[in-house]
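J.: Sharing a structure, written as structure tokens. Questions coming.
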Amino acid sequence: MTHQTHAYHTVNPSPWPLTGALSALLMTSGLIMWFHFNSPLLLVLGLTTNFLTMYQWWRDIIRESTFQGHHTTIVQKGLRYGMILFIVSEVFFFAGFFWAFYHSSLAPTPELGGCWPPTGINPLNPLEVPLLNTSVLLASGVSITWAHHSLMEGHRKHMLQALFITIALGVYFTLLQASEYYEAPFTISDGIYGSTFFVATGFHGLHVIIGSSFLIVCFMRQLKFHFTSSHHFGFEAAAWYWHFVDVVWLFLYVSIYWWGS
């Protein structure tokens, strides 16, 4: 290996961005095939390649950061900026859904009956499952903060307990959301109300699943003593993402479930 005279990490060539892009193509194409032709083959192939890519890319990053020491202070600074920019891009992603919702609801057209919710739509009660979901996510925000403070203070056991509680609450939220979808009195094809509701809450649910995956990886890493009180950016990034998911849900609840009903 050649001598390195700088603190930056020169990454070796990696196939995972390419396989990740391929899995994204397969998943989106697979969704279309599943929706229109009832054929899940491409979707299953896309999900499989996506899981394999995630596993191997995470493995490489953990090896580089924890075992090879490539994540120096200056590298971590770059990763922080990258995570912040990623979350900002996600804010604008969800802003598009809120724009679509408010554009449709603040000035309902005659085709909708001139009212919101549109004529014939029976909205969900915001004080039932949606309120429970809000409580669950707020509680998970508290537990992830507990985990973070425990880690910084060197209380490994407390950190693991708090992180496990956060993961359990995330899974519980996903199950509640799935049951709500199953029992909803309207579908995604029921006009602008159904499409904005299911796309906005569905993408949020997907982000909860992604965030839960991040936290599960952090939990397994902490079981193997990968994090210290001063070197734990992998966990910190996952915590930032989880707080972002919390805040988006609060806006969804107030806008779509409470005001929109």
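For all residues, glycine too, the Cβ spot is worked out from N, Cα and C.
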J.: Using the annotation in Swiss-Prot, determine whether S39 and S230 are placed on a common side of the membrane.
T.: no
J.: Please give the sequence-distant neighbours of the topological domain 'Mitochondrial intermembrane' (184-190): residues at least 6 beyond its ends with Cβ less than 8 Å from one of its Cβ atoms.
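T.: Beyond its ends, the topological domain 'Mitochondrial intermembrane' (184-190) has Cβ neighbours at 120-124, 197-199.
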J.: Is it the case that the transmembrane segment (191-223) and the transmembrane segment (73-105) have 3 or more CB pairs under 8 Å, with pairs at least 6 apart in sequence?
T.: yes
J.: For the topological domain 'Mitochondrial matrix' (224-232), what are the DSSP-based totals of helix, strand and coil residues?
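T.: So the topological domain 'Mitochondrial matrix' (224-232) is made up of 0 helix, 0 strand, 9 coil.
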J.: Looking at the topological domain 'Mitochondrial matrix' (1-15) alone, can you tell me the average pLDDT?
T.: 76
J.: In terms of Cβ proximity under 8 Å, which residues at least six beyond the ends of the transmembrane segment (129-152) contact it?
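T.: Here the qualifying positions are 158-159, 162-163, 165-166, 169-170, 172-173, 176-177, 179-180, 208, 215, 222, 227, 229, 232, 235-236, 239, 242-243, 245-246, 249-250, 253, 257-258.
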